[in-house]
């Protein structure tokens, strides 16, 4: 099932109007359209959510994340639909979640191909909805609404053109843009309606004078009347300016009048239109009343003519109303999808491989569209059904924490820019400034920026084995345990809602039907419950609503009561979740007894928050497979507590516990060394992959260059061979012609020129040419005048210069010569050889 921003014509009867019949050639609607200022695009099957599920979403901050994602939508209906889609109806099934992810991936590809391809900011969809509402009620739409509809149609046309241009470059783009490509190709854009609107409506929404002859005539009449009444009132004002200089011409509700102070008097007779509260009076002179009345009538005629034009446009729009409704709903849907894609790109998120658990043993199936590159980025992707990890995210960020950090950093940088601009402005204006004070203030602001940049949020690496059903995280307060829970919960919600996850590639995450959380220590004052009782009530509701597809997040389980009883209760709760509870349960705790569950039940796994004992602060990193240890005595020792107290504390705490802490410390050190070597190995692996990729590219470049050179050689050889064949054909043709008939001197000159170009000839050709030369080169005519040959340079006495002979005509005793750019015909007796 695809993410569906349902078309108005197909919405359920409770919140939409169905287009059902045509009467007398006009489209009629059986019910009123949905409220045009909201235009909800809620799924027809909005899932029912329990109160504990809604509470969990608020505890995780999902509502804030919905606001953040929806802010990337370009239109008001798109923002509302995006927020509602994320909060209510996203990911109701595994198939729908996969479909939502495929839509987001297609939008990401479109934005990479053309960043402006999904830009809907230039279209006012609220005005489009208003136009649709007016058309459905048989009311004429406004001019500005008509231009909004044109903008919507042009947007649909631009989307189709973008898709066509992409397909011209590479037909594979269609598959990359799926399923958005199908949505775009299915749009119907009526160019005739666009031209009809643009011919009569200006860009500002006003009706053009050329829209109708009546409108042009009535507007001209209005201008004439306004000029007349204004001249009349202006003359009255000028005639009374000596008595009351502050009176002036004004306009009140379309009627021209005279405005003066409340305490002023005038000799002008007229009607008092309004009297201000001791401020001013408006008087319509009696002489202006007939003109004002006529002006009002003319304006009414203008309004009627404009309404006639708009009514005709509305009738044309009503013919295509169903297509426009479909286009509107599609654009809103594309805006919703693009908001998810733009958010994912802005935060550098990663496509998650969403899997569906098929059994209690944790086996799963993966989305069909997993990419080959992602499968090869990690050995756990050797086959979708052979997963090593149930949950795998490297360098995962909490989206709300990262958003808050970026906002703080941006605000700090803006303060620096504003401070610099203020200092420059004051210097240009020559104001006296305390240079040292300004420098100190600017340095302070820059230090704040540097401090924020150095304290970037710390990502966590999350890897939960496929065999793990319950994960227990231990560690000190403010160490990042709660942030880790919220990061996992939000990542699960994001993946199933069609959002990319804020982590490095690859990301493998199960599809959870619900994320149920008990986080925080708020008391239920309404039910007179303590903190401990409130937690128990929430956990009980979580247990009742969880399924074998759920994710359960429990913060500080067993806290708020006697430590021994709390630990016992926490162990019992977690064992219950491991046996018959959720697909994955993650709990944080301070109770050391919960660490031991791993050693008696393989469904449990331990993790801890790393603590830097040298700097006495947490590192906000998670160590997987290592239980947390007690740091109280070690911290007390570093803080200078007397040794006697520390020795007594160690004795009371017990030698066995101290030994356990020592073993845990060694495990932590081993884990840290292992992580260090693992990171080095990953670095070298990435480096080797980069070298391998560069080598493949170089090999491909060499192969491409070799192929280009080969084709070039073949082309050159083909050109020479073609040229040689052409020359041979020409020579053979000339030889045949010379053997059959007597050639003219001009042809002989061409043959000589050709022979000069191709000196290599056969003996037979030399013999033929010699024979022809002896025939042509006669030295004298019958009159005893010496006859030149073609190509000879002869002197023309009348011109006083030498020219070249082009043609000789013995019978007429004439020659054709070339003199510069002219060809001249001369007698033989006029030239000298």
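Every residue, even glycine, has its Cβ placed from backbone N, Cα and C.
Model, not experiment: these values are computed from the prediction.
Database features, via TrEMBL:
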- 208-235: coiled coil (COILED)
- 738-754: compositional bias 'Basic and acidic residues' (COMPBIAS)
- 757-783: compositional bias 'Polar residues' (COMPBIAS)
- 550-566: domain 'DNA mismatch repair proteins mutS family' (DOMAIN)
- 738-784: region 'Disordered' (REGION)
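Remark: secondary structure over the domain 'DNA mismatch repair proteins mutS family' (550-566) totals 4 helix, 4 strand, 9 coil, with classes taken from DSSP. Counting residues 6+ beyond its ends, the coiled coil (208-235) has Cβ neighbours under 8 Å at 199-202, 249, 256-258, 285, 287-288, 291-292, 294-295, 298-299, 301-302, 305-306, 308-309 in the same chain. Counting only same-chain residues 6+ beyond the ends of the domain 'DNA mismatch repair proteins mutS family' (550-566), those with a CB under 8 A from a CB of the stretch are 56, 60, 481-482, 485-486, 488-489, 492, 510, 512-521, 530-532, 535, 539, 542, 573-574, 577, 581-591, 594.
The average pLDDT computed over the coiled coil (208-235) stands at 89.
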